[in-house]
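Chemist: My questions all concern the structure below.
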Amino acid sequence: MSTNPKPAFRRILLKLSGEALMGDEGFGIDPKVLDRMAQEVKELVELGIQVGVVIGGGNLFRGEGLAKAGMNRVVGDHMGMLATVMNGLAMRDALHRAYVNARLMSAIPLKGVCDDYNWAEAISLLKSGRVVIFAAGTGNPFCTTDSAACLRGIEIEAEVVLKGTKVDGVYSDDPMKNPEAVKYDELTYTEVLDKELKVMDLAAFTMARDHDMPILVFNMNKPGALRRVVMGEEEGTMIKAK
């Protein structure tokens, strides 16, 4: 057996929830969590893996509550997209401080703040070893950041969408509420739909399924889990066609 194992993936799309950046704060960005995540991404870059990142915005803004209170959903979603840009700026800065070359691309033009999203340029940057952070979701309201992660993953021809969450995989029930919940190591797209498991919203999930994009759900708050995932070790839950 080789003493220097090769990564299981060459190019990945890492989806982080905005909540993952909060740490124990309850709101905003925990600098310690941000720096740890930047270090974990740096490890992947040093392994020669090409990394695209999509971050949610739920730590800074959640449109659902305001929509229920009467705010126009489109306005709420635009605010949510801007929250993902703020998280993207924080992540880019953390990567730069960790001496990792990173570019931030936004689906909404924000001249002087970050680059506009450009598919060909994103792939060129990934090939040159830069981390590319995709912000502002898909640029459209009514689309989640999970949809953005699957869309960007498909566009950049990533081999997998890694969904970093607060639990270490997909369970038969909510493990926070039900101690009897069983963790799955592998699932097919069909099994997820049949069992009505909550992996991501249906639009995002069916997009991944239709384009045969594997999804791997793991706990981003567990130190070393991201590296284990990309090295093909047993970590999290893999969802694919067969």
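Each Cβ is built from the backbone N, Cα and C atoms, and glycine gets one as well.
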Chemist: The UMP site in Swiss-Prot lists Asp77, Thr138, Gly139, Asn140, Pro141, Phe142, Cys143, Thr144, Thr145. Which one of Gly57, Gly164, Gly169 belongs there according to the record?
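Modeler: Swiss-Prot names Gly57 for this UMP site.
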Chemist: For the feature region 'Involved in allosteric activation by GTP' as recorded in Swiss-Prot, pick the matching range from 23-28, 173-178, 233-238.
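Modeler: Of 23-28, 173-178, 233-238, Swiss-Prot gives region 'Involved in allosteric activation by GTP' for 23-28.
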Chemist: Hey, of the binding-site residues listed (Gly57, Gly58), which one tops the CB count within 10 A?
Modeler: Gly57
Chemist: Validating a neighbour-count step here. Other CB atoms within 10 A of the CB of Thr165 (ATP binding site): how many?
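Modeler: Summing over all protein chains shown, Thr165 (ATP binding site) has 20 other Cβ atoms within 10 Å.
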Chemist: Taking the Cα atoms as reference points, how far is Ser17 (ATP binding site) from Gly57 (UMP binding site) in Å?
Modeler: 7
